[in-house]
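Colleague: Take this structure, written in C-alpha cells, and hold onto it; I'll ask about it next.
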Amino acid sequence: MGRKRSSPMNVLSEWVKKQSMRMKICLGAMFALLALVALKLTIHDHNHFFIGSETIHALGIFVLIYKLKTKKTCSGLSLKTQELTALFLAVRLFCSTIMEGDIHTILDLTTLVSTLWVIYMIRFKLKSTYIKELDNLPLYYVVVPCAILAIPIHPFTPHFLITRIFWAFGLYLEAVSVLPQLRLMQNAKMIEPFTAHYVFALGVSRFLACAHWIIKIYETRGRYLYLIGSGYIWFSAAFLSELVQTFILADFCYYYIKR
C-alpha cells in the first residue's frame, strides 16, 4: 500500500511545530491581526462582538457539562475558577437587569445557571474526583484587589453608584477569573481534552470582546478611550482588563494547541 497523502492542515501543523518560539509568536500575532481585519470588514454592529463572546462562553460551559455527565469526573477542573465565574456573572446579571435588560441579560442568566450546575457537580456529586491540592490559588488574592479597584475606577453613568461599582467589579473579576484554572494546569502539568476545549472556548470568547475594543479605538483614532463625560480612567481600565484576560487566555490556547 502507498503512503497516505498528508492533508494541507497536517503539513501546515508540522511546519509550525518546527519553527522557533519567536517565529510562532510572530505567526500568532499575524493570525490575530488578520482575524481583526476580517472581523472589522464583516461585522458592522459592534454589539454582535459581545453577543458572540457571551455565546461562546456559554458553549464552553456546556462542554464542561457534557464532560461531567459522560465521564463522571471533574479531574482537571478548577472549582475556584467556576466560583469566580459564577460571582462575576451574578454581579453582571444584576447590573445588566438594571442598566440594560436585553439579550446580554438572557445569555448571562443561561451561563450563570450552567456554571452553578457545574459547581454543584464538583462540590457534591463528583467530589471524590476533585483534586483540591492542585487548586490552591486563594480566592481573596483575586477578589479583594478587584473590589478595591472598582471603588475609585468605575463608569460615570446616571445609574446608582453601587450599580456602577458592581459593574466595574464584575469586569475586573472576569479578567482574572481564569487564574485558578491556569494555576491548576501548571500544578498538574497536563490538561485533559474537555478542559482544553473549555479554556479554548474562553480564549475565543475573550478575543471577540477584545476585538470590539481594538476596532472601536481604531475607528475613533483613540478618542473612544477619552469620551467626555464617560470617565477618562474607566475606559482605559476596561480596555486594559480585556487585554489582560486575552493574554492570560492566550497562554491557555498555547496549552490547547500543545495538547
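Heads up, the Cβ atoms here are built off N, Cα and C, so glycines get one too.
Predicted automatically and left uncurated, TrEMBL annotations should be read as such.
The model shown is predicted, which means the values in this text are computed figures rather than measured ones.
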Colleague: Using TrEMBL as the reference, determine which range in 106-127, 194-215 is annotated transmembrane segment.
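Modeller: TrEMBL lists transmembrane segment for residues 194-215.
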Colleague: Ranges 30-49, 50-69: which does TrEMBL label transmembrane segment?
Modeller: 50-69
